[in-house]
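Feature annotations, reproduced from TrEMBL:
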type: TRANSMEM; residues: 73-94; note: transmembrane segment
type: DOMAIN; residues: 75-506; note: domain 'Major facilitator superfamily (MFS) profile'
type: TRANSMEM; residues: 106-129; note: transmembrane segment
type: TRANSMEM; residues: 141-160; note: transmembrane segment
type: TRANSMEM; residues: 166-188; note: transmembrane segment
type: TRANSMEM; residues: 200-223; note: transmembrane segment
type: TRANSMEM; residues: 229-249; note: transmembrane segment
type: TRANSMEM; residues: 307-333; note: transmembrane segment
type: TRANSMEM; residues: 345-364; note: transmembrane segment
type: TRANSMEM; residues: 384-403; note: transmembrane segment
type: TRANSMEM; residues: 409-432; note: transmembrane segment
type: TRANSMEM; residues: 439-465; note: transmembrane segment
type: TRANSMEM; residues: 477-499; note: transmembrane segment
Amino acid sequence: MAVPQQKTLTDGAEPTTSRISFWRMIFDSSVVTDEMINYPYAGSGTEDDPYAVTWIPDTDPRNPLNFSVPRKWWTTVLVASCTLAVALCSSTYSGSLPQIQKEFGVGTEVAITGLSVFVLGFGLGPLIWSPLGEVFGRRNVLNVSFGTLTAFNIGAAGSQNIQTLIILRFLAGSFGSSPLGIAGGVIADMFTVSHRGAALSFYIAAPFMSPCLGPLVGGYLGAGAGWRWVEGLLAALTGIVGLFIAAFLPETYAPVLLRNRAAKLSQITGKVYRSKSDMDQERPVTLWTTLSTAMRRPFVMLFWEPIVLIFSIYISILYGTLYLFFAAFPIVFQKVRGWKQGTAGLAFLGILVGTLFAAAYNYAEFKRYTKKRSRTTTTPEDRLPLTMVGAIAVPIGLFWFAFTNGPDIHWLSSVAAGVPFGFGIVVIFLGIETYLVDSYVIFSASVLGANTFLRSVVASVFPLFTMYLYKGLGIHWASSIPAFLALACAPFPFIFYRYGAEIRKRCRYSAKAEAYLRQVNEGK
(Lines of atoms letter the chains of each structure in order from A and count residues from 1; the text may use other names and numbers.)
(Lines give C-alpha, C1' and ligand atoms only; values in the text may rest on other atoms or scores of the structure.)
Protein backbone atom coordinates (compact mmCIF):
# COMPACT_ATOMS: atom_id res chain seq x y z
CA MET A 1 0.00 0.00 0.00
CA ALA A 2 1.36 3.38 -0.97
CA VAL A 3 0.85 5.85 1.86
CA PRO A 4 0.53 9.51 0.90
CA GLN A 5 2.77 11.48 3.19
CA GLN A 6 1.53 14.98 2.43
CA LYS A 7 -1.27 16.10 0.16
CA THR A 8 -1.16 19.71 -0.92
CA LEU A 9 -4.34 21.70 -1.53
CA THR A 10 -5.11 23.32 -4.85
CA ASP A 11 -6.10 26.98 -4.93
CA GLY A 12 -9.53 27.81 -3.56
CA ALA A 13 -10.12 24.39 -1.99
CA GLU A 14 -10.48 24.18 1.75
CA PRO A 15 -11.31 21.12 3.84
CA THR A 16 -13.50 21.20 6.90
CA THR A 17 -12.49 20.17 10.38
CA SER A 18 -13.12 16.59 11.56
CA ARG A 19 -16.62 17.53 12.70
CA ILE A 20 -19.20 18.11 9.97
CA SER A 21 -22.10 20.42 10.73
CA PHE A 22 -25.62 19.12 10.27
CA TRP A 23 -26.47 21.62 7.54
CA ARG A 24 -23.30 21.01 5.57
CA MET A 25 -23.97 17.29 5.71
CA ILE A 26 -27.43 17.95 4.26
CA PHE A 27 -26.43 20.24 1.42
CA ASP A 28 -22.89 19.09 0.53
CA SER A 29 -22.59 15.35 -0.08
CA SER A 30 -18.93 15.74 -1.13
CA VAL A 31 -17.75 17.47 2.06
CA VAL A 32 -14.30 16.35 3.25
CA THR A 33 -12.28 16.88 6.43
CA ASP A 34 -8.55 17.03 7.16
CA GLU A 35 -8.71 13.43 8.34
CA MET A 36 -10.21 12.33 5.02
CA ILE A 37 -7.50 14.13 3.08
CA ASN A 38 -4.62 12.69 5.09
CA TYR A 39 -5.99 9.17 5.43
CA PRO A 40 -3.64 6.50 3.96
CA TYR A 41 -5.79 5.19 1.12
CA ALA A 42 -4.49 2.26 -0.91
CA GLY A 43 -2.92 3.33 -4.21
CA SER A 44 -0.44 5.85 -5.57
CA GLY A 45 -2.70 8.67 -6.72
CA THR A 46 -2.01 8.20 -10.44
CA GLU A 47 -4.28 7.35 -13.37
CA ASP A 48 -2.91 3.79 -13.45
CA ASP A 49 -3.03 3.36 -9.67
CA PRO A 50 -5.55 5.81 -8.17
CA TYR A 51 -6.18 6.13 -4.47
CA ALA A 52 -9.06 3.78 -3.54
CA VAL A 53 -11.46 5.84 -1.44
CA THR A 54 -13.23 3.95 1.35
CA TRP A 55 -14.81 4.88 4.66
CA ILE A 56 -12.40 5.74 7.44
CA PRO A 57 -12.89 2.82 9.84
CA ASP A 58 -15.02 3.53 12.93
CA THR A 59 -14.68 7.32 12.93
CA ASP A 60 -15.88 8.49 9.51
CA PRO A 61 -18.45 11.24 10.28
CA ARG A 62 -20.10 10.90 6.86
CA ASN A 63 -20.68 7.15 7.04
CA PRO A 64 -24.44 6.76 7.67
CA LEU A 65 -23.73 3.81 9.97
CA ASN A 66 -21.93 6.28 12.27
CA PHE A 67 -24.84 8.71 12.52
CA SER A 68 -26.09 9.37 16.04
CA VAL A 69 -29.18 7.43 17.14
CA PRO A 70 -31.40 10.58 17.12
CA ARG A 71 -30.23 11.44 13.59
CA LYS A 72 -30.90 7.90 12.37
CA TRP A 73 -34.41 7.94 13.80
CA TRP A 74 -35.14 11.42 12.47
CA THR A 75 -34.14 10.21 9.02
CA THR A 76 -36.26 7.08 9.47
CA VAL A 77 -39.28 9.22 10.35
CA LEU A 78 -38.68 11.33 7.24
CA VAL A 79 -38.56 8.41 4.81
CA ALA A 80 -41.50 6.69 6.53
CA SER A 81 -43.41 9.96 6.09
CA CYS A 82 -42.61 9.79 2.38
CA THR A 83 -44.22 6.37 2.01
CA LEU A 84 -47.12 7.44 4.22
CA ALA A 85 -47.79 10.50 2.06
CA VAL A 86 -47.62 8.60 -1.24
CA ALA A 87 -49.88 5.82 0.02
CA LEU A 88 -52.35 8.44 1.28
CA CYS A 89 -52.43 9.92 -2.22
CA SER A 90 -53.55 6.56 -3.57
CA SER A 91 -56.25 5.76 -1.01
CA THR A 92 -57.68 9.17 -0.04
CA TYR A 93 -58.96 9.60 -3.60
CA SER A 94 -61.35 6.67 -3.11
CA GLY A 95 -63.20 8.50 -0.35
CA SER A 96 -64.34 11.25 -2.73
CA LEU A 97 -65.61 9.05 -5.59
CA PRO A 98 -69.28 10.14 -5.25
CA GLN A 99 -68.35 13.80 -5.82
CA ILE A 100 -66.16 12.92 -8.84
CA GLN A 101 -68.98 10.85 -10.34
CA LYS A 102 -71.48 13.66 -9.84
CA GLU A 103 -69.32 16.44 -11.30
CA PHE A 104 -68.15 14.56 -14.39
CA GLY A 105 -71.25 12.43 -14.93
CA VAL A 106 -69.43 9.08 -14.92
CA GLY A 107 -70.06 5.74 -13.24
CA THR A 108 -68.13 4.19 -10.39
CA GLU A 109 -66.10 2.01 -12.77
CA VAL A 110 -64.73 5.08 -14.59
CA ALA A 111 -64.20 7.19 -11.49
CA ILE A 112 -62.27 4.47 -9.67
CA THR A 113 -59.85 4.28 -12.61
CA GLY A 114 -58.13 7.27 -11.01
CA LEU A 115 -57.23 4.99 -8.11
CA SER A 116 -56.14 2.11 -10.35
CA VAL A 117 -53.80 4.13 -12.55
CA PHE A 118 -52.16 5.72 -9.50
CA VAL A 119 -51.34 2.26 -8.14
CA LEU A 120 -50.18 1.16 -11.60
CA GLY A 121 -47.64 3.98 -11.39
CA PHE A 122 -46.33 2.36 -8.20
CA GLY A 123 -45.16 -0.57 -10.33
CA LEU A 124 -43.63 1.40 -13.18
CA GLY A 125 -41.99 4.27 -11.29
CA PRO A 126 -39.50 2.34 -9.12
CA LEU A 127 -38.03 0.69 -12.23
CA ILE A 128 -36.73 4.17 -13.10
CA TRP A 129 -36.32 5.87 -9.73
CA SER A 130 -34.28 3.13 -8.05
CA PRO A 131 -31.47 3.09 -10.65
CA LEU A 132 -31.50 6.89 -10.77
CA GLY A 133 -30.89 6.81 -7.02
CA GLU A 134 -27.85 4.59 -7.56
CA VAL A 135 -26.34 7.14 -9.94
CA PHE A 136 -27.44 10.51 -8.53
CA GLY A 137 -28.15 9.65 -4.88
CA ARG A 138 -31.28 8.87 -2.93
CA ARG A 139 -31.79 12.41 -1.64
CA ASN A 140 -31.73 14.02 -5.09
CA VAL A 141 -34.21 11.51 -6.48
CA LEU A 142 -36.63 12.00 -3.58
CA ASN A 143 -36.42 15.78 -4.03
CA VAL A 144 -37.29 15.59 -7.73
CA SER A 145 -39.93 12.93 -7.16
CA PHE A 146 -41.85 14.86 -4.51
CA GLY A 147 -41.60 18.11 -6.42
CA THR A 148 -43.24 16.56 -9.48
CA LEU A 149 -45.75 14.62 -7.35
CA THR A 150 -46.89 17.87 -5.75
CA ALA A 151 -47.19 19.54 -9.15
CA PHE A 152 -49.35 16.72 -10.54
CA ASN A 153 -51.54 16.75 -7.41
CA ILE A 154 -52.11 20.48 -7.93
CA GLY A 155 -52.98 19.81 -11.56
CA ALA A 156 -55.39 17.04 -10.56
CA ALA A 157 -57.19 19.42 -8.20
CA GLY A 158 -57.86 21.73 -11.14
CA SER A 159 -58.88 19.06 -13.68
CA GLN A 160 -61.82 20.06 -15.85
CA ASN A 161 -62.66 16.58 -17.15
CA ILE A 162 -62.27 12.97 -16.05
CA GLN A 163 -59.67 12.20 -18.73
CA THR A 164 -57.30 14.87 -17.43
CA LEU A 165 -57.83 13.73 -13.86
CA ILE A 166 -57.00 10.11 -14.70
CA ILE A 167 -53.87 11.05 -16.68
CA LEU A 168 -52.58 13.31 -13.91
CA ARG A 169 -53.28 10.63 -11.32
CA PHE A 170 -51.19 8.15 -13.32
CA LEU A 171 -48.32 10.63 -13.61
CA ALA A 172 -48.57 11.43 -9.90
CA GLY A 173 -48.33 7.74 -9.03
CA SER A 174 -45.39 7.16 -11.35
CA PHE A 175 -43.40 10.21 -10.27
CA GLY A 176 -44.32 9.89 -6.60
CA SER A 177 -43.45 6.21 -6.27
CA SER A 178 -39.74 6.73 -5.56
CA PRO A 179 -40.03 6.03 -1.79
CA LEU A 180 -41.23 2.49 -2.57
CA GLY A 181 -37.83 1.67 -4.04
CA ILE A 182 -35.62 4.05 -2.07
CA ALA A 183 -36.91 4.57 1.48
CA GLY A 184 -36.10 1.04 2.65
CA GLY A 185 -32.60 1.46 1.27
CA VAL A 186 -32.09 4.59 3.36
CA ILE A 187 -32.84 2.59 6.51
CA ALA A 188 -30.50 -0.21 5.41
CA ASP A 189 -27.78 2.42 4.83
CA MET A 190 -27.95 3.60 8.46
CA PHE A 191 -28.67 0.49 10.54
CA THR A 192 -26.80 -2.80 10.80
CA VAL A 193 -28.87 -5.98 10.53
CA SER A 194 -28.88 -6.50 14.30
CA HIS A 195 -30.25 -2.97 14.96
CA ARG A 196 -32.63 -2.66 12.02
CA GLY A 197 -35.71 -4.28 13.54
CA ALA A 198 -37.53 -1.34 15.13
CA ALA A 199 -36.83 1.00 12.20
CA LEU A 200 -38.02 -1.52 9.60
CA SER A 201 -41.14 -2.34 11.61
CA PHE A 202 -42.00 1.36 11.79
CA TYR A 203 -41.27 1.90 8.09
CA ILE A 204 -43.16 -1.18 6.87
CA ALA A 205 -46.28 -0.26 8.86
CA ALA A 206 -46.47 3.25 7.35
CA PRO A 207 -47.65 2.38 3.80
CA PHE A 208 -50.25 -0.04 5.18
CA MET A 209 -51.62 2.52 7.64
CA SER A 210 -52.27 5.00 4.84
CA PRO A 211 -54.83 2.91 2.93
CA CYS A 212 -56.78 2.67 6.19
CA LEU A 213 -56.67 6.39 6.96
CA GLY A 214 -57.15 7.64 3.39
CA PRO A 215 -60.80 6.66 2.82
CA LEU A 216 -61.71 8.12 6.21
CA VAL A 217 -60.11 11.49 5.43
CA GLY A 218 -61.29 11.50 1.81
CA GLY A 219 -64.83 10.52 2.75
CA TYR A 220 -65.41 13.30 5.26
CA LEU A 221 -63.56 15.99 3.29
CA GLY A 222 -65.09 14.96 -0.03
CA ALA A 223 -68.61 15.01 1.38
CA GLY A 224 -68.11 18.32 3.15
CA ALA A 225 -65.96 20.34 0.75
CA GLY A 226 -65.74 18.41 -2.54
CA TRP A 227 -63.19 16.22 -4.26
CA ARG A 228 -61.02 19.17 -5.37
CA TRP A 229 -60.29 19.95 -1.73
CA VAL A 230 -59.21 16.33 -1.31
CA GLU A 231 -56.68 16.67 -4.13
CA GLY A 232 -55.64 20.06 -2.77
CA LEU A 233 -55.01 18.55 0.65
CA LEU A 234 -52.86 15.84 -0.93
CA ALA A 235 -50.88 18.49 -2.83
CA ALA A 236 -50.30 20.41 0.41
CA LEU A 237 -49.26 17.22 2.22
CA THR A 238 -46.75 16.12 -0.42
CA GLY A 239 -45.45 19.67 -0.73
CA ILE A 240 -44.77 19.88 3.01
CA VAL A 241 -43.12 16.45 3.06
CA GLY A 242 -41.04 17.49 0.04
CA LEU A 243 -39.84 20.62 1.86
CA PHE A 244 -38.83 18.54 4.88
CA ILE A 245 -36.90 16.16 2.61
CA ALA A 246 -35.09 19.06 0.96
CA ALA A 247 -34.24 20.69 4.29
CA PHE A 248 -33.47 17.75 6.56
CA LEU A 249 -32.72 14.52 4.66
CA PRO A 250 -28.99 13.73 4.21
CA GLU A 251 -27.65 11.57 1.42
CA THR A 252 -27.08 8.02 2.75
CA TYR A 253 -26.13 5.90 -0.27
CA ALA A 254 -22.50 4.91 0.28
CA PRO A 255 -21.38 4.44 -3.38
CA VAL A 256 -22.59 7.94 -4.29
CA LEU A 257 -21.06 9.52 -1.18
CA LEU A 258 -17.68 7.86 -1.78
CA ARG A 259 -17.81 8.72 -5.49
CA ASN A 260 -18.42 12.38 -4.62
CA ARG A 261 -15.67 12.28 -1.99
CA ALA A 262 -13.20 10.88 -4.51
CA ALA A 263 -14.01 13.68 -6.95
CA LYS A 264 -13.60 16.31 -4.22
CA LEU A 265 -10.29 14.85 -3.04
CA SER A 266 -9.01 14.84 -6.63
CA GLN A 267 -9.99 18.50 -6.93
CA ILE A 268 -8.37 19.46 -3.61
CA THR A 269 -5.07 17.60 -3.93
CA GLY A 270 -4.51 17.30 -7.66
CA LYS A 271 -4.04 13.54 -7.24
CA VAL A 272 -6.27 10.84 -8.74
CA TYR A 273 -8.87 9.29 -6.44
CA ARG A 274 -11.60 6.77 -7.23
CA SER A 275 -14.26 5.18 -5.10
CA LYS A 276 -13.34 1.62 -4.13
CA SER A 277 -16.88 0.48 -4.93
CA ASP A 278 -16.59 1.90 -8.46
CA MET A 279 -13.18 0.30 -8.93
CA ASP A 280 -14.66 -3.10 -8.02
CA GLN A 281 -17.30 -2.83 -10.76
CA GLU A 282 -16.70 -4.90 -13.89
CA ARG A 283 -17.99 -2.00 -15.98
CA PRO A 284 -18.06 1.72 -15.21
CA VAL A 285 -21.18 2.84 -13.36
CA THR A 286 -23.22 4.86 -15.88
CA LEU A 287 -26.84 5.87 -16.03
CA TRP A 288 -27.46 3.73 -19.11
CA THR A 289 -25.96 0.49 -17.73
CA THR A 290 -27.78 0.96 -14.43
CA LEU A 291 -31.11 1.70 -16.13
CA SER A 292 -30.85 -1.17 -18.62
CA THR A 293 -30.10 -3.66 -15.84
CA ALA A 294 -32.90 -2.30 -13.67
CA MET A 295 -35.42 -2.53 -16.53
CA ARG A 296 -34.43 -6.00 -17.76
CA ARG A 297 -33.37 -8.13 -14.80
CA PRO A 298 -36.58 -7.87 -12.68
CA PHE A 299 -38.63 -9.41 -15.50
CA VAL A 300 -36.05 -12.15 -16.12
CA MET A 301 -36.12 -13.07 -12.44
CA LEU A 302 -39.91 -12.82 -12.20
CA PHE A 303 -40.49 -15.39 -14.93
CA TRP A 304 -37.45 -17.65 -14.50
CA GLU A 305 -37.00 -17.80 -10.72
CA PRO A 306 -39.85 -19.85 -9.16
CA ILE A 307 -39.19 -18.41 -5.68
CA VAL A 308 -39.66 -14.87 -6.97
CA LEU A 309 -42.71 -15.75 -9.08
CA ILE A 310 -44.57 -17.69 -6.37
CA PHE A 311 -44.04 -15.19 -3.58
CA SER A 312 -44.74 -12.25 -5.89
CA ILE A 313 -48.06 -13.84 -6.84
CA TYR A 314 -48.86 -14.37 -3.17
CA ILE A 315 -48.18 -10.79 -2.07
CA SER A 316 -49.91 -9.49 -5.22
CA ILE A 317 -53.15 -11.25 -4.30
CA LEU A 318 -53.05 -9.80 -0.78
CA TYR A 319 -52.12 -6.31 -1.97
CA GLY A 320 -54.84 -6.49 -4.61
CA THR A 321 -57.35 -7.52 -1.94
CA LEU A 322 -56.45 -4.46 0.12
CA TYR A 323 -57.22 -2.21 -2.86
CA LEU A 324 -60.32 -4.24 -3.72
CA PHE A 325 -61.69 -3.13 -0.35
CA PHE A 326 -61.63 0.51 -1.51
CA ALA A 327 -64.45 -0.40 -3.88
CA ALA A 328 -66.00 -3.16 -1.76
CA PHE A 329 -66.36 -1.31 1.55
CA PRO A 330 -68.60 1.43 0.07
CA ILE A 331 -70.85 -1.33 -1.28
CA VAL A 332 -70.99 -3.24 2.01
CA PHE A 333 -71.19 -0.33 4.43
CA GLN A 334 -72.89 2.44 2.41
CA LYS A 335 -75.25 0.65 0.03
CA VAL A 336 -76.05 -2.40 2.17
CA ARG A 337 -75.80 -1.00 5.71
CA GLY A 338 -76.78 2.57 4.83
CA TRP A 339 -73.78 4.36 6.34
CA LYS A 340 -72.98 7.90 5.24
CA GLN A 341 -69.99 8.61 3.01
CA GLY A 342 -67.62 9.85 5.73
CA THR A 343 -68.71 7.29 8.31
CA ALA A 344 -67.99 4.43 5.87
CA GLY A 345 -64.29 5.26 6.11
CA LEU A 346 -64.38 4.16 9.75
CA ALA A 347 -64.75 0.57 8.51
CA PHE A 348 -61.02 0.60 7.68
CA LEU A 349 -60.07 1.11 11.33
CA GLY A 350 -60.06 -2.66 11.91
CA ILE A 351 -57.32 -3.06 9.31
CA LEU A 352 -55.45 -0.13 10.88
CA VAL A 353 -55.51 -1.81 14.31
CA GLY A 354 -54.17 -4.98 12.70
CA THR A 355 -51.24 -3.13 11.13
CA LEU A 356 -50.32 -1.63 14.51
CA PHE A 357 -50.33 -5.09 16.11
CA ALA A 358 -48.19 -6.31 13.22
CA ALA A 359 -45.61 -3.56 13.76
CA ALA A 360 -45.18 -4.64 17.39
CA TYR A 361 -45.04 -8.32 16.43
CA ASN A 362 -42.52 -7.62 13.66
CA TYR A 363 -40.22 -5.94 16.15
CA ALA A 364 -40.43 -8.85 18.61
CA GLU A 365 -39.83 -11.35 15.81
CA PHE A 366 -36.85 -9.38 14.52
CA LYS A 367 -35.29 -9.43 17.98
CA ARG A 368 -35.79 -13.22 18.10
CA TYR A 369 -34.13 -13.60 14.71
CA THR A 370 -31.11 -11.44 15.55
CA LYS A 371 -30.66 -13.29 18.85
CA LYS A 372 -30.65 -16.60 16.98
CA ARG A 373 -28.26 -15.19 14.40
CA SER A 374 -25.80 -14.22 17.13
CA ARG A 375 -25.73 -17.82 18.40
CA THR A 376 -25.78 -19.88 15.23
CA THR A 377 -25.75 -19.74 11.44
CA THR A 378 -29.07 -18.68 9.96
CA THR A 379 -30.59 -19.35 6.54
CA PRO A 380 -33.11 -17.34 4.52
CA GLU A 381 -35.76 -19.85 5.60
CA ASP A 382 -35.42 -18.58 9.18
CA ARG A 383 -37.30 -15.48 7.98
CA LEU A 384 -40.41 -17.47 7.07
CA PRO A 385 -42.01 -18.16 10.50
CA LEU A 386 -43.19 -14.55 10.37
CA THR A 387 -44.92 -15.22 7.05
CA MET A 388 -46.35 -18.52 8.28
CA VAL A 389 -48.22 -16.75 11.08
CA GLY A 390 -49.63 -14.23 8.61
CA ALA A 391 -50.61 -16.98 6.18
CA ILE A 392 -52.99 -18.32 8.82
CA ALA A 393 -54.29 -14.92 9.95
CA VAL A 394 -55.26 -13.54 6.52
CA PRO A 395 -57.78 -16.24 5.45
CA ILE A 396 -59.33 -16.12 8.92
CA GLY A 397 -59.91 -12.38 8.59
CA LEU A 398 -61.22 -12.60 5.02
CA PHE A 399 -63.66 -15.46 5.64
CA TRP A 400 -64.78 -13.72 8.83
CA PHE A 401 -65.56 -10.59 6.83
CA ALA A 402 -67.24 -12.52 4.01
CA PHE A 403 -69.83 -14.17 6.22
CA THR A 404 -70.51 -11.35 8.69
CA ASN A 405 -70.85 -8.39 6.31
CA GLY A 406 -74.62 -8.62 5.92
CA PRO A 407 -77.05 -6.16 7.55
CA ASP A 408 -78.44 -8.90 9.82
CA ILE A 409 -75.12 -9.12 11.74
CA HIS A 410 -73.77 -6.26 13.86
CA TRP A 411 -71.36 -4.03 11.95
CA LEU A 412 -68.68 -4.39 14.62
CA SER A 413 -68.05 -7.99 13.62
CA SER A 414 -67.23 -7.21 9.98
CA VAL A 415 -65.04 -4.25 11.03
CA ALA A 416 -63.21 -6.45 13.57
CA ALA A 417 -62.51 -8.95 10.78
CA GLY A 418 -60.07 -6.40 9.41
CA VAL A 419 -57.77 -6.90 12.41
CA PRO A 420 -56.40 -10.36 11.45
CA PHE A 421 -56.31 -9.31 7.79
CA GLY A 422 -54.35 -6.13 8.52
CA PHE A 423 -52.04 -8.01 10.87
CA GLY A 424 -51.47 -10.83 8.40
CA ILE A 425 -50.77 -8.76 5.31
CA VAL A 426 -48.09 -6.69 7.07
CA VAL A 427 -46.22 -9.66 8.58
CA ILE A 428 -46.45 -11.58 5.30
CA PHE A 429 -45.14 -8.56 3.41
CA LEU A 430 -42.14 -8.14 5.72
CA GLY A 431 -41.42 -11.87 5.90
CA ILE A 432 -41.48 -12.32 2.13
CA GLU A 433 -39.37 -9.25 1.41
CA THR A 434 -36.67 -10.22 3.93
CA TYR A 435 -36.71 -13.81 2.65
CA LEU A 436 -36.22 -12.64 -0.94
CA VAL A 437 -33.45 -10.22 0.07
CA ASP A 438 -31.61 -12.93 2.02
CA SER A 439 -32.06 -15.45 -0.81
CA TYR A 440 -30.80 -13.18 -3.59
CA VAL A 441 -28.50 -10.70 -1.77
CA ILE A 442 -26.64 -9.01 -4.66
CA PHE A 443 -29.74 -9.30 -6.88
CA SER A 444 -32.16 -8.12 -4.18
CA ALA A 445 -32.93 -4.80 -5.88
CA SER A 446 -34.09 -6.62 -9.02
CA VAL A 447 -36.10 -9.13 -6.98
CA LEU A 448 -37.91 -6.40 -5.05
CA GLY A 449 -38.45 -4.51 -8.31
CA ALA A 450 -40.16 -7.57 -9.79
CA ASN A 451 -42.27 -7.99 -6.67
CA THR A 452 -43.30 -4.32 -6.63
CA PHE A 453 -44.18 -4.35 -10.33
CA LEU A 454 -46.42 -7.41 -10.20
CA ARG A 455 -48.25 -6.48 -7.00
CA SER A 456 -48.89 -2.95 -8.28
CA VAL A 457 -50.29 -4.19 -11.59
CA VAL A 458 -52.57 -6.66 -9.80
CA ALA A 459 -53.67 -4.06 -7.24
CA SER A 460 -54.51 -1.63 -10.04
CA VAL A 461 -56.82 -4.19 -11.66
CA PHE A 462 -58.70 -5.47 -8.60
CA PRO A 463 -60.80 -2.32 -7.95
CA LEU A 464 -61.93 -2.22 -11.59
CA PHE A 465 -63.89 -5.50 -11.46
CA THR A 466 -65.11 -5.21 -7.87
CA MET A 467 -68.47 -3.67 -8.82
CA TYR A 468 -69.21 -6.46 -11.33
CA LEU A 469 -68.06 -9.09 -8.85
CA TYR A 470 -70.36 -7.88 -6.08
CA LYS A 471 -73.31 -7.37 -8.43
CA GLY A 472 -72.98 -10.88 -9.83
CA LEU A 473 -72.19 -12.88 -6.70
CA GLY A 474 -73.54 -10.82 -3.81
CA ILE A 475 -71.59 -9.47 -0.87
CA HIS A 476 -70.92 -12.84 0.81
CA TRP A 477 -69.54 -14.90 -2.07
CA ALA A 478 -67.81 -11.95 -3.74
CA SER A 479 -65.94 -11.31 -0.49
CA SER A 480 -65.10 -15.02 -0.27
CA ILE A 481 -63.12 -15.10 -3.53
CA PRO A 482 -60.02 -13.29 -2.15
CA ALA A 483 -60.36 -15.45 0.98
CA PHE A 484 -60.16 -18.64 -1.11
CA LEU A 485 -57.20 -17.21 -3.06
CA ALA A 486 -55.38 -16.40 0.19
CA LEU A 487 -56.16 -19.89 1.49
CA ALA A 488 -54.74 -21.44 -1.69
CA CYS A 489 -51.51 -19.47 -1.23
CA ALA A 490 -51.21 -20.15 2.52
CA PRO A 491 -49.10 -23.35 2.11
CA PHE A 492 -46.35 -21.49 0.20
CA PRO A 493 -44.34 -20.25 3.21
CA PHE A 494 -44.63 -23.67 4.89
CA ILE A 495 -43.40 -25.44 1.74
CA PHE A 496 -40.45 -23.08 1.33
CA TYR A 497 -39.61 -23.32 5.02
CA ARG A 498 -39.21 -27.09 4.55
CA TYR A 499 -37.79 -27.32 1.02
CA GLY A 500 -36.52 -23.79 0.35
CA ALA A 501 -32.82 -24.64 0.62
CA GLU A 502 -33.11 -27.35 -2.06
CA ILE A 503 -35.21 -25.11 -4.30
CA ARG A 504 -32.72 -22.24 -4.03
CA LYS A 505 -29.89 -24.49 -5.22
CA ARG A 506 -31.84 -25.15 -8.43
CA CYS A 507 -32.53 -21.47 -9.09
CA ARG A 508 -29.88 -19.77 -11.19
CA TYR A 509 -29.71 -16.36 -9.53
CA SER A 510 -30.24 -17.66 -6.01
CA ALA A 511 -27.42 -20.16 -6.47
CA LYS A 512 -25.17 -17.35 -7.72
CA ALA A 513 -26.03 -15.24 -4.69
CA GLU A 514 -25.26 -18.13 -2.33
CA ALA A 515 -21.91 -18.71 -4.05
CA TYR A 516 -21.11 -15.02 -3.69
CA LEU A 517 -21.89 -15.10 0.04
CA ARG A 518 -19.77 -18.21 0.47
CA GLN A 519 -16.86 -16.51 -1.28
CA VAL A 520 -17.20 -13.41 0.91
CA ASN A 521 -17.33 -15.47 4.10
CA GLU A 522 -14.32 -17.53 3.09
CA GLY A 523 -12.41 -14.33 2.41
CA LYS A 524 -12.91 -13.06 5.95
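Please read every residue number as a count from 1 along the shown chain.
Every residue gets a Cβ built from N, Cα and C, even glycine.
All annotation found in TrEMBL is predicted automatically rather than curated by experts.
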Message = Pairs of Cβ atoms less than 8 Å apart decide it: which stretch in 106-129, 200-223, 229-249, 345-364, 477-499 has the most with the transmembrane segment (141-160)?
response = 229-249
Request  = Decide whether the stretches the transmembrane segment (307-333) and the transmembrane segment (106-129) have at least 3 CB pairs under 8 angstroms, with pairs required to be 6 or more apart in sequence.
outcome  = yes
Task = Sort out the residues at least 6 away from either end of the transmembrane segment (73-94), same chain, that have Cβ-Cβ distances under 8 Å to it, and list them.
result = 67, 112, 114-115, 118-119, 122, 142, 146, 149, 153, 169, 172-173, 176-180, 182-183, 186-187, 190, 199, 202-203, 206-215, 217-218, 230-231, 233-234, 237-238, 241, 244-245, 248-250, 252, 326-327, 463
Query = Counting only residues 6+ away from its ends, which parts of the chain sit with a Cβ under 8 Å from the transmembrane segment (166-188)?
reply = 75-76, 79-80, 82-83, 86, 89-90, 93, 113-115, 117-122, 124-126, 129-130, 133, 138, 141-142, 145-146, 148-149, 152-153, 155-156, 159, 196, 199-200, 203, 207, 238, 252-253, 445, 448-449, 452
Note = Quick tally over 106-129, 200-223, 345-364, 384-403, 439-465 of CB pairs under 8 Å to the transmembrane segment (229-249) gives the top stretch as 200-223
Key: the transmembrane segment (384-403) versus listed stretches 106-129, 200-223, 345-364, 439-465, 477-499: most Cβ pairs under 8 Å   = 477-499
